[in-house]
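Asker: According to TrEMBL, the record shows the following:
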type: DOMAIN; residues: 1-93; note: domain 'HIG1'
type: TRANSMEM; residues: 27-45; note: transmembrane segment
type: TRANSMEM; residues: 65-84; note: transmembrane segment
Amino acid sequence: MSTDPDISLSSYDEDQGSKLIRKVKEAPFVPIGMAGFAAIVAYGLYKLKSRGNTKMSVHLIHMRVAAQGFVVGAMTIGMGYSMYREYWAKPKP
């Protein structure tokens, strides 16, 4: 194993909070997708008591599809935003 003196150890110096903040700034739609997923699951569990005569499995499948749809939508919007920032909004030299 060779050691390269040019390798910076700055990534090892940051704590968990600053690393999380840096990652959120790089990809802001990932935590939005995670929060939406958690909110939909929480709402689905809250509505579990008042589902009427709907079967439990059907209710859970609908909840899963809604949560996955929100996450995929957030990822798609995030990719579109990232592409816009990379290719169209990039300042011309």
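Note that Cβ sites are derived from N, Cα and C of the backbone, with glycine treated the same way.
Those TrEMBL annotations? Automatic predictions, nothing curated.
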Asker: Counting by DSSP, what is the helix, strand and coil composition of the domain 'HIG1' (1-93)?
Answerer: 66 helix, 0 strand, 27 coil
Asker: Across the whole of the domain 'HIG1' (1-93), what does the mean pLDDT come to? Round it, please.
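Answerer: Here the mean pLDDT over the domain 'HIG1' (1-93) amounts to 82.
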